[in-house]
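Trainee: Pasting a structure below so you can have a look.
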Amino acid sequence: MVSGCCRLDMSSYVSVLVLCSLLLWGSNSQQEQSSAAQRCFCQVTGYLDDCTCDVETIDHFNNYGLFPKLQQLVASDYFRYYKANLKKPCPFWEDNSHCGVKDCAVKPCPTDEVPGLKPPGFKYTEEANRAHEEIDDCEKEKRLSAVDESLSVEAQEAMLKWNRHDDSADNFCELDDEESPDAEYVDLLKNPERYTGYKGADTWRIWNSIYEENCFKPKAVQRPLNPLTSTRGENEGKVFYNWLDGLCVEKRAFYRLISGLHASINIHLCANYLLKDTWMDKIWGHNTAEFQKRFDATLTQGEGPKRLKNLYFIYLIELRAISKVLPFFERSSFLLYTGNETKDTETKKLLLDVLLDARDFPLHFDENSLFSGDKKEAAKLKEDFRQHFRNISKIMDCVGCFKCRLWGKLQTQGLGTALKILFSERQIENLSESNQPSEFHLTRQEIVALFNAFARISTSVKELENFRTLLEKV
């Protein structure tokens, strides 16, 4: 009888096991069939670390308020031209990576197309810019990563006037790069940030140098999912975040800024991916598979959602900087000079509208939490902070894809300008309406970089909404 009971219990036990297995299989199957959006975004919600702001507040503020205004602003003449030297050699290692990247091969142009052999203004003429007429073989072979440096005659002449106007102002700082004969103005609207085919070991080397050498991290602590690490431990993520949580808020913020910038760049590449490339046309659009590879919690061992939350962190930092710099731009003596008085007035009105919106954001990052300890230690930490960021900006000259290099330079300078603003509160408060030299000044280059960089971050936040909708169908 006891034996029979045991057999009955064992039979019931087996039945329960089978039933549980079926339920578990069904649960896993249901999880696999659940929206891919949940795996990417379910953890990207609520409050951000070291902040009093939540993701949902940023989404609503950006997507339905600030984003469209920023897009209109950076499309204006003042903000669409950025001066960059894309020919500087990498200062850290010998770099020939751009020669080996697919679709980035440099082919010689016919002699009559080489700049300098014809009058300097030739490439800005109507003849040289007829996009749909006699296109030579060199043009047909234009690389995805090539930077379109052509400017109209009107734009070229306007640049000279803009420079003269800037030279008459009291420049707070002058970048050596702008004075280089290799520095050229680039039309950002002609060179959108998007997928170029630049990937693999070369890009890993860039980001590895940024994270490993400039984010205050000891070599003993392994960064999760580092593709250049030969051996990976199961607990590397836990060890890394235990180390990160133990840092002072300033160093932790530095890492999260770089991670957020990295995430933003990846989002742009996924949102503007080359989906179809034929001899007839190129089709660009959202690549959900690429997005999942970078941000799906399952595919990234939980890293993806952390990266996305860091995007919101850098958004808060740059938004705070823009709100703080309002006194600089609202002075009547400040002009967004392009030579077209009517458009310049309209652009400044739009700029002030953006700045006022930024000021009225309800849950700003509190920059007073940074560098608030012992004055001597805080000063040293701030200088370390600045030097590390300068190193990162230099690494941009090692990027093998010229279009990637362009946007890397712009976005690092934009973030650097935002940090400069946050560290200059007293100087900004002491600004006056007069044209007398002041301790705080932004050059045209810094202004263009600041707002274009923030527009890129704003676009990334908006694109998350688009990807969330697309992934709900996957």
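Glycine too: its Cβ is placed from the backbone N, Cα and C atoms.
Here Swiss-Prot flags 1-29 as signal peptide. Swiss-Prot lists C40-C53, C42-C51, C90-C398, C99-C104, C99-C138, C104-C109, C215-C248, C401-C404 with the feature disulfide bond, giving similarity to another entry as the kind of evidence. Annotation comment: Swiss-Prot describes R194, T196, W207, S259, H262, R294, R307 as FAD binding site. Residues or ranges marked as N-linked glycosylation site by Swiss-Prot: N340, N391, N430.
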Trainee: Hey, how far is C53 (disulfide bond) from C90 (disulfide bond), Cα to Cα, in Å?
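Mentor: Cα to Cα, C53 (disulfide bond) and C90 (disulfide bond) are separated by 39 Å.
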Trainee: Measuring Cα to Cα, how far is C90 (disulfide bond) from R194 (FAD binding site) in Å?
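Mentor: Checking the Cα atoms of C90 (disulfide bond) and R194 (FAD binding site) gives a distance of 23 Å.
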Trainee: List the residues of the same chain that sit at least 6 positions away from N391 (N-linked glycosylation site) in sequence and have their Cβ under 8 Å from its Cβ, in sequence order, or write 'none'.
Mentor: E213, N214
Trainee: Checking the spread of the FAD site as listed (R194, T196, W207, S259, H262, R294, R307): what is the longest Cα-Cα distance, in whole Å?
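Mentor: That value is 22 Å for the farthest Cα pair.
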Trainee: Would you please pick out, from the disulfide-bonded residues C42, C215, the one with the fewest other Cβ atoms within 10 Å of its Cβ?
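Mentor: Counting other Cβ atoms within 10 Å of each of the disulfide-bonded residues C42, C215, the minimum falls on C42.
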Trainee: Helix, strand or coil for S259 (FAD binding site)? Use DSSP.
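Mentor: Going by the DSSP assignment, S259 (FAD binding site) falls within a helical segment, counted as helix.
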Trainee: What is the interatomic distance between the Cα atoms of C42 (disulfide bond) and N340 (N-linked glycosylation site), given in whole Å?
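Mentor: Given the Cα positions, C42 (disulfide bond) is 48 Å from N340 (N-linked glycosylation site).
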Trainee: Express the distance between the Cα positions of R307 (FAD binding site) and C40 (disulfide bond) as a whole number of Å.
Mentor: 10
Trainee: At the Cα level, what's the spacing in Å between C51 (disulfide bond) and C404 (disulfide bond), rounded?
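Mentor: So the Cα of C404 (disulfide bond) lies 31 Å away from that of C51 (disulfide bond).
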Trainee: Out of C51, C90, C248, C398, which of the disulfide-bonded residues has the smallest number of neighbouring Cβ atoms within 10 Å?
Mentor: C248
Trainee: Under 8 Å Cβ-Cβ from C40 (disulfide bond), six or more apart in the same chain: what's there?
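Mentor: For C40 (disulfide bond), the qualifying residues are F291, Q292, F295, D296, A297, G304, P305, L308, F467, R468, L471.
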